[in-house]
């Protein structure tokens, strides 16, 4: 009973873990577990070929496989468990594939070129969003004619509602590829653009958010300062100049959007757009729970708004600050961001059904983040390895980075981590190579999927394959022939509503 309580309610029952450890000594425990998993796997032979009314993409920025594993352990430890045996919500998805993340001009990619791949369906150069590889970074005159559209636009053109939710700026690399065509990911507002680019007719990303697809139904994240005229004080931080508006053209994009939307939905304008910070949202560990929304809360509101459309919806959700934590060498911040994204995935699952909703969870790239050192079962993910170095005779944390700001010498030697608080939120884990900012990693990342046509995400795939599968499942964009008979009605196999209910119940229980 206590074990069931722990699973359902997340309450801590220490004696359960003693029971669990004892059970692990019995070979039958592992065999029975494997048999249950086998029986569940056999049910996957009955493929879900329904039309996906709704499609959701969860993008963990920088969430490589080591980050997924470490987040799983952290989730369990936050619930009083050892951690290793815990399941993330994404772990429960029946299909897993690997995504090859390279950009057309980069072995180790950036978040802009990868976003163009998994949103627009074509690989692109690093630093560019919503344009093909024929466009050259920062060269405005290579934009025209090389624009590529995203699955968000394909969904909107098909009559679906669409939304963007992110913990970064809404004009950051990941979300911007959903609506913008820009040869430089850093052109957040016209205040960050060179005069030559402006003279040649290129538009900043914030402006494109409101002009390219003017009726995006839900926009939630940060990035206010890119929407207001230069030197306009921020509404929340009026005394901090770094948060002032940055636009040179004098436009108030938020005001323009609000005026336009008033004519369409007078009672829902405030619900549909939420720019909660001048730049990125705060880390989950630093969030003011009274005033700052969590990713889970934003996803909850977004889905409830988008579900009002009988034709369904497309939602892009980015856990963007996983990446920022890693770049700063702050593994604790990064991993708590990943756990929060998993909570959001759980919430989305409760609000939707695998019968008609395809949900995909993936990353754009990895990081040079790792954890090791022969740590014992249940060791704090932020703790020390149980051994000391046989070279410098000093302890080390399990978590380390290949490069980054955590490199530090004290009297010409590696810092002794036992002399610092390595469990504090902003501790920068030790790094092998000194850099002001840690770098991305180049290995493949995971793709987790459930719902209609999720089985098409299998094996090792190119990253740009992802939106093509999602569009195929939803009968939008390029692939529509399989969706209709001569009379124009959908013909894909449908499971009964009763079976759909049973599958949903089974999903929640397992």
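A Cβ is built for glycine as well, from the same backbone N, Cα and C atoms used for every other residue.
Among the features that TrEMBL reports, Zn(2+) binding site is placed at 61, 323, 327, 364, 365, 440. The number of other Cβ atoms within 10 Å of the Cβ belonging to residue 440 (Zn(2+) binding site), over all protein chains shown, comes to 23.
The Mg(2+) binding site annotation in TrEMBL covers 61, 172, 174, 318. For residue 174 (Mg(2+) binding site), other Cβ atoms within 10 Å of its Cβ number 29.
What TrEMBL lists as active site, phosphoserine intermediate is 111. In sequence order, 61, 62, 172, 173, 174, 185, 323, 364, 365 constitute the residues six or more apart from residue 111 (active site, phosphoserine intermediate) in its chain with CB-CB distances below 8 Å.
Under the heading region 'Disordered', TrEMBL lists 230-252.
What TrEMBL records for 238-252 is compositional bias 'Basic and acidic residues'. According to DSSP, the compositional bias 'Basic and acidic residues' (238-252) comprises 3 helix, 1 strand, 11 coil.
Looking at residue 440 (Zn(2+) binding site) and residue 318 (Mg(2+) binding site), their Cα atoms lie 17 Å from each other.
Taking a C-beta cut-off of under 8 angstroms and a sequence separation of 6 or more, residue 327 (Zn(2+) binding site) has the following same-chain neighbours: 62, 367, 404, 437, 438. A Cβ distance under 8 Å defines the sequence-distant neighbours of the region 'Disordered' (230-252), meaning residues of its chain 6+ beyond its ends; these are 188-192, 206-207, 224, 277-279. Note on residue 323 (Zn(2+) binding site): other Cβ atoms within 10 Å of its Cβ, all shown chains, come to 29. A sphere of 10 angstroms centred on the C-beta of residue 318 (Mg(2+) binding site) encloses 29 other C-beta atoms. Packing around residue 61 (Zn(2+) binding site) is summarised by its Cβ count: 29 other Cβ atoms lie within 10 angstroms of its Cβ, all protein chains included.
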